[in-house]
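Engineer: According to Swiss-Prot, the protein has these features:
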ACT_SITE  Glu208  active site, proton donor
ACT_SITE  Lys340  active site, proton acceptor
BINDING   Gln164, Lys340, Arg369, Ser370, Lys391  (2R)-2-phosphoglycerate binding site
BINDING   Asp245, Glu288, Asp315  Mg(2+) binding site
Amino acid sequence: MENPFEITAVVAREILDSRGNPTVEVEVYTPVSMGRAAVPSGASTGTHEALELRDGGKRFHGKGVRRAVENVNKIIAPEIIGMDVTWQRDIDMLMIELDGTENKSNLGANAILGVSLAVAKAAANALGLPLYQYIGGTNAYVMPVPMSNVINGGVHAGNELDFQEFMIMPVGAKSFREGIRWVSETYHTLKKVIAEKYGKNAVNVGDEGGFAPPMKEVTEPLEVLIKAIEEAGYKPGDEIAFALDAASSEFYDEKLGKYVVGGKEYDRGELLELYRELVSKYPIVSIEDPFHEEDWEGFVMITRELGGKIQIVGDDLFVTNPKRIRKGIEMGAANALLLKVNQIGTLSEAIDAAYTAFRAGYGVVVSHRSGETEDATIADLAVALNAGQIKTGAPARSDRNAKYNQLIRIEEELEGIAVYPGKRFRNPFL
């Protein structure tokens, strides 16, 4: 009798992401199911991330992924066909071994991750389980508070804002569905407020669906957001709070050894003072990458100073890498991890990274990348981990809303059980 969980075929192809760049899509088949996954890609990338394999040359301006696709079809597929699709960790470890490098540069993290996620989906489908339940078990019931990136700066935008993301979090809502409604209403009010102040051309959207108006000072977006939240009928701070992603590796000047914000130079202490001022003046509950990816000392300082009051998130600092997360925990650098599956390259390692963070009392924010697809795996992953937080862009563009819509479905499925943590987003169980 045939084994319903045996992998019978693996197919990879090149598709387009939300920026029109190629990315890898993988399908994994068993006699009773199919799992399909598409791989995201980032614009502001940490130096220590697992390597995304690109072809180079003229085709797609060098961004083709035919090599990664071929690595799936010719190298990975023959090795995993015949294996049990529920052996997630064995399959992930086998691919890591096949690759043989620390940063997955041989086969490509985009090849390996595509297979890893498609395997999980095929297994969930074979068992007739939703993906969040397959990964997280029966205890997966915490809905994430969205961190919605509504104003863009940095490498995601064409304006002069140095901080990359100005986000809103509906911390006062009673459910995910209510929270996402608040975000949507605020987003549309924000569009009107920006158009009135900066003109109609200022409401074009960036990679993640946020607006990129011609702002320069870091306080400008925060003032505009306060106005939009109030005009939408909500209370800044109490109902809708702010989260920032400074992405400061992007504005750190190595030659000067200084951070350049709004044309002004700041050393570590001065930048910390700027954050302190912003946190005292505005309802900011989370700051991501406040210092550059090797400024461990800066992270330790801000965590000591502000970590009791707000969340300090490591993204480029940790790159979802358990070694770097452990170093941060030992030093007391940051108090939360930004979890991006494509930074590490397999589902098993991403889950390990999350649990390393949880065990140390760190928060975990499950995150998209700026180059996304209609794949909504991270919505299921956020619930599977009971992370309590998700970062997946503005409520605009189908690639972002695919995740929000999946979370609406999951909350409906978990009716009567689902918990929306609100202000307890960092430690949903406290």
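Heads up, the Cβ atoms here are built off N, Cα and C, so glycines get one too.
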Engineer: Considering Cα atoms only, can you say which of Lys340, Arg369, Ser370 is the nearest neighbour of Asp315 (Mg(2+) binding site) among these recorded positions?
Structural biologist: Lys340
Engineer: Could you tally the C-beta atoms, other than its own, that fall within 10 angstroms of the C-beta of Arg369 ((2R)-2-phosphoglycerate binding site)?
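Structural biologist: I get 25 for this one.
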Engineer: Hey, for the Mg(2+) site built from Asp245, Glu288, Asp315, who else sits with CB inside 8 A of the CB center?
Structural biologist: Gln164, Glu165, Leu244, Ala246, Ala247, Ile287, Asp289, Val313, Gly314, Asp316, Leu338
Engineer: Got a sec? Which of these recorded positions, Lys340, Lys391, has the most Cβ atoms within 10 Å?
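Structural biologist: Most Cβ neighbours within 10 Å: Lys391.
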Engineer: Compared by Cα position, which of the recorded positions Glu208, Asp245, Glu288, Lys340 is the closest one to Ser370 ((2R)-2-phosphoglycerate binding site)?
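Structural biologist: Closest recorded candidate to Ser370 ((2R)-2-phosphoglycerate binding site) by Cα: Glu208.
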Engineer: What subset of the recorded positions Gln164, Asp245, Glu288, Lys340, Arg369 lies within 10 angstroms of the residue listed as 'active site, proton donor' at the C-alpha level?
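Structural biologist: Of everything listed, what lies within 10 Å of the residue listed as 'active site, proton donor' (Cα to Cα) is Arg369.
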